[in-house]
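Peer 1: A single structure is presented below for examination.
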Amino acid sequence: MEYATVSYGLCNLHSFQFLSLPILQVQIFSHKPPRNPFNIFSTVSSAQQRSGTTPKRDPSGINHRSVPQTEKNIEMKPSNVGSKQRLKRYSSLLGNCALRGALNEGKAIHGHQIKTGVDPDSHFWVSLINLYAKCDYSSYACQALDEMPEQDVVSWTALIQGFVAQGNGRQGVDLFCEMRKKGISPNEFTVATCLKACSMCRDVSFGKQVHAEVIKEGLLSDVFIASALVNLYAKCGEIDLADKVFFCMPEQNEVLWNVLINGHAQVGDGKGAFRLFCEMINSEVEFSEFTLSSVLKGCTNSGQLRDGQLVHCLAIKSGFEIDKFMCSSLVDIYSKCDMVDDALRLFYMITDHDVVSWSAMIACLEKQGHSSEAIKLFYLMRHTGIEPNQFTFSSVVSAAAELGDLLYGESIHACIFKFGFESDVSVSNALIGMYIKNGCVDDGYRVFEAMTGPDLVSWNTLLSGFHDYGYAESGSNVFCQMLVEGFRPNMYTFISILRSCSDLLDIKFGKQVHAQILKNSLDGNEYVGKALLDMYLKFRYMEESYIVFSKLINRDVFTWTVMITGFAQTEQEEKAIKFLNSMQQEGVRPNEFTIAGCLGGCSRITATESGRQLHSMALKSGLLPDMFVSGALVDMYAKCGCIEDAEAVFKGLVWRDKVLWNTMVCGFSLHGQGDKALQTFQKMKDEGNLPDDVTFLGVLSACSHMGLVEEGKQHFNSMSNVYGVTPRDEHYAGMVDILSRAGRFVEVESFVEEMKLTSNALVWENVLGACAKHGNVKFGERAAKRLFELKCETDSTYILLSNIFASKGRWTEAKRIRALMSSHGVKKEPGCSWVEINNKIHVFVSDGGHPHIREIHLKLEELGEKLRLIGYVPQMEHVLHDVPDTEKEEHLNHHSEKLALAFALMSNSHKQTIRIFKNLRICRNCHNFMKHVSRITTQEIVIRDTNRFHSFKDGSDGTSVENGWNAPPYRMHLAVVCILLFRLISAMPTFSAIALDRLLEPGGSRPVDRSAPSSMPLPNSQNGRNASAPRRRKRLLVLH
């Protein structure tokens, strides 16, 4: 047999294969062609082989491999039936097949028409096009239209409707354009179908053009067109235009109301949907269960539980509650509003569950955190014989991920393979997340690699696991690959990759990611901004952090807090306080972390008044019991010289942890109150708190200041023998300090040799300071030599050795050491003191420089005359220079702490405690001077040097201990600040890395607090001098 071949215009098809059933085997020879639209027919098997298609399953359940009863009836019709009646019968049967999706039956009818040789009319053509279009045989439908002798709007409409019915909106729009090019005007059904196609492909621009044509043709009053327009604008987010179209209609029926309400619900305007529903009721338009479901959808999307409950009541009253579709909508709103019990009750009201209702309830339980219940419900579903779908598996896998049950997750993975859903994107995404949350990043990556078409969620899920499990470097590679493959990152992408940059400490790549964020216009996003702040603050890039912060639109308490903490931890404490003021002015209420961070800044710059205002704020806001706030408050008062206030806050706390006890032990030791330090240590043990290494630093310091050698030895030995605490360099230095202060240099030497401390520079610094106090020239020279060998050539080493020689009158050796110091480029740090007066820091140096220096010197002369009247004599021996006594006395009057005291006395009209801070160790002459001044002025004076606080009141020094001068203290500040600051920031993981890094300077393991004297003394000092000069402070901002 020779088959003919034709070319078709519209669809450019080169062949047409027809599927006919055995009873209607038709073979058309080329020498006798019938009058029909198609030229090639084949059997079932040959058509399948050439087209590569298989017979589709008919929703009606009819097996089309057998002869349908319909065709038998056709075959039995008398041959003399009129052609018109026959065509009418064919058209009716084709329409019925189209409704049922019975493609094979329709093909059989088509074949019977060809066999009988009846010429098709326009109605038959339309029915044929409608059949093939709605049965998803678009090529056949296009071919039928091409073969149609006279195409009209009805045939085109049937074709467009068929494409739209199969979800091919874009093809429907293209066919509409083709129809208009052929000069065929659309009718109301064509326009409505085209508008529906526009809504399917979200082509609102073309939809507006069709809208214009609707107005031009006067079709706007048609209810179908109006419904299609409202649906188009609502789905495309043009809800205002949808409202205008709706309210311009002369009459609104139930369909129009439902479409508009559903549109508001889809865009999340739950209040608008509920308002329209109320208007619909007032308009006396009857509503259906579909109306109520749309209103419930809007309430669900906007979280309007109250309105949803009202709709639920109306559904019960109207008898719609038992409807399965309505129950599913109610289950959805109650589940998303965290009312799982109500959702379950409604779920169990459904008698005939399908996979949709099961999946909805399982998803509800999983999303609300009831993962165990979701898994149990999945088991019950399987027990009833319902097969899960991809949505069921996605929820169950997510539930397994939340439970951290890797074994169960892997079993569900096997079940997914069994049911053939391993290629589904949503299921694969859930599997990736499950493996990553359980730390199996490699398994998650394998699932990702097996995906044929990963989406943006797949990439984001994969990226989210790299920064938590040591795969940060892989994160940057995956991010780059994602960009290469054309995916546009969203905020979740950037949050994950920024965290990877922070883990990698790769600021260069982080800045490139920042550029991508700017390119994608996400720099104002709250969550991306927080991730950027986290990254820049970990690198201490405060300028960049401020730029990111300033571009954020919604700045919450967390955003303000991280900025304040960042400034406080990068030696910009004044900015931290300024930001706190700005935060309150913008109406953002600080939380416990905000106040704790600011208190830490106040303690570093000794801003006592600002700290007191923060204390008041904590009391007012009820945050004082918080352990972070209370710990920071105790630390602030201790470092600012207000040990009584620190003790009062400490005693007022109900719950005190080890850190707070350590703060008080070290605080008392810092203020020279060794007896209280030891008493606090004993109370700490009595309350069941075991001491740690920081506790023993405070205890050893207290023993050193009080000269308790034997008790110090006992505490040192108990560290490892009783409490299992391994001594560190600071503890060995503390023990050396105890022995050397007591002048037991033989024991010091044996202790150093026994503990193998000859390479410990901190120990030799303490030895050198003790030699300067006791005038031990020989041992002092040995200690200095050892420090030079250890490359510890600080200014204190040279100055202490020079002072040892000078105190013995060996001026030649003293000058030689000073010359050696200059030749090595080591400069002596100038003395500096500062005092806070009326919330303003005033700084003083020995060479003057203050605007009121003349008045200050006059005040000092006045004080000197009064002191001489009570028998005070300056101690010239503390001026270790080979100059006359008159110059020595003048030199003593220029000490910076005396200048600060004179200015404070001039300015202090309310007899408030004067608190002076100095970067070097106060000398014995100035110490006695302060003591006598407190007597003649009845003024309490507190001085904080690099060693500790000195308190003077009524001519006595409550913290002075005999033989406690000129010995440089050992280092314990590092451990105290480390543990206290770590606890303060541990609840904010964003800045944990900053805090720990801030404590260690790039040059080594010794932190130097350049903002203010430390709460514990520093080792590399002459007479306890700090290695770094204080920064000159500007005016402190007052908290409002």
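A Cβ is built for glycine as well, from the same backbone N, Cα and C atoms used for every other residue.
According to TrEMBL, the feature compositional bias 'Polar residues' maps to 45-54, 1012-1026. The region 'Disordered' annotation in TrEMBL covers 45-69, 1005-1033. Summarising the annotation, TrEMBL assigns repeat 'PPR' to 152-186, 253-287, 354-388, 455-489, 556-590, 657-691. Marked as domain 'DYW' by TrEMBL: 871-956.
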Peer 1: Which residues of the chain, 6 or more past the ends of the repeat 'PPR' (455-489), have a CB below 8 A from one of its CBs?
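Peer 2: 425, 428-429, 432-433, 436-437, 439, 441, 444-445, 448, 496-497, 499-504, 506, 509, 513, 516, 520.
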Peer 1: By DSSP, what is the split of the repeat 'PPR' (152-186) into helix, strand and coil residues?
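Peer 2: The breakdown for the repeat 'PPR' (152-186) reads 26 helix, 0 strand, 9 coil.
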Peer 1: Per DSSP, what is the helix/strand/coil residue tally across the repeat 'PPR' (354-388)?
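Peer 2: When I sort the residues of the repeat 'PPR' (354-388) into the three classes, I find 26 helix, 0 strand, 9 coil.
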Peer 1: Determine how many residues of the repeat 'PPR' (455-489) DSSP places in helix, in strand and in coil.
Peer 2: 21 helix, 0 strand, 14 coil
